[in-house]
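Grabbed the feature section from TrEMBL, which reads as follows:
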DOMAIN    215-304  domain 'HYR'
DOMAIN    305-392  domain 'HYR'
SIGNAL    1-32  signal peptide
Amino acid sequence: MNLSMSIFQSFWRVSQLAALWVVLIFSASAQAQYIDSETASPSNFSGSGETITFTVAINTNNSSVSAVNVSNSVGPMLSCSPTSAGLNSTITCTGTYTTTAGDTSVTAAGTITLTTGSSITLYYNVSAADPSPNTPYFSSGSAPTTAAEGSSVPLALVTPSGVTPSLASNTSSVCTASGLTLNMVGVGTCNAVATGPASSPFYTEGTLNISISVTDTEPPVITTPGAQSASTDTGANTATLDVTSLGSVTDNSGTTPAITYAIGGTPLAGAYAFPMGVTTVTMDASDGAGNAAVQQSFTVTVTDGEVPVITAPGAQSASTDAGANTATLDVTSLGSVTDNSGTTPTITYAIGGTPLAGAHAFPMGMTTVTMDASDGAGNAAVQQSFTVTVTDGEVPVITAPGAQSASTDAGTNTAMLDVTSLGSVTDNSGTTPTITYAIGGTPLA
């Protein structure tokens, strides 16, 4: 039996927003093989990388088919199974196509030859219509809503394959664009826009607005002053200084954080009485985002620059010791000394540069005693002095000779005698006084 079938038109239309419809129009003589059904799954696609399966089912009707051959001229090759069939059987021919970027139509054309008692050729031609114009460029896109300063944020944008959008930042002080990555260079709101190029009539220019809040993760930077030094205040063992304005701090936020100055963990509120020696002051600061600076510190060295003050005793006086020409006195506890350090220095008492170790035999007359003192910082007091005057309060002791006797000189009623060398005298002064001999108040010469 001679069978003939001519396929006048068949087209499959696959595009975004449009369903694929395949219409196979055919005519055949009675009892001929015919196409029972045709499908495309899925019936539409929204981007590249999707697989579409085309299926054509042929009914053998009242003839047996011993062989099936497919020859395609355009589009995917159809593969048929089974390749032989009996009466009223179904032969299924399928082919697949994976969409690519910029696909606007899918066309498949060729012939299917069935071997029955003779060779029967079926012609097919599948052609998609033009896609709908002005399809949106971005089918989807996403970006985080927050990011840390200094981070890089790659954007996940779903666009037609093979077509790369452009990315631009509208806030270059906060973020910059590199390819499809936003680099967070500041703090604030990063506003950027991704733009897809127009590809008429298939795609209009598309935009995707992006807004990311960039948080501050950079700590402030503290700059310390140099080491500080001062002398003690007058009459005190401390130096009162206000160091809370020394040094500086900077922060990328543009706002200057407050510095907390502390000694041993105790914050300084202003002027502070620094003790003698070395004191360490720490500096801390945090910005508005809570980022803490690396703690810094500096030293304040207070030295004692004030000399001790010696108060000398008044002039001293004494009488010689009994039987001696000196007066033994200990003057090393007389007078006093004060110092701002709070420690009482030792006074050195000296006579003529020779230190006194305690009691001293002061000679008769006036002796000057000097007083010197130095504090722990080596500051020497102004030398002071006082006098010790020793007077002789002991009388000489005269030893008289025994009674003297003599006869008158010849022819006179007197005896001429020199008694001015008789007897002796001693004195504690060590000097022998002169004895005055007298008769009736009249000195003997």
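Glycine too: its Cβ is placed from the backbone N, Cα and C atoms.
Heads up, TrEMBL stuff is auto-annotated, nobody curated it.
Let's see these features in context: how buried, what's close, how far.
Mean pLDDT for the domain 'HYR' (215-304) in the predicted structure: 96.
Each residue of the domain 'HYR' (305-392) gets a DSSP state, and the totals for helix, strand and coil are 0 helix, 44 strand, 44 coil.
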Based on DSSP, tally up the residues of the domain 'HYR' (215-304) by helix, strand and coil.
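Secondary-structure breakdown of the domain 'HYR' (215-304): 0 helix, 43 strand, 47 coil.
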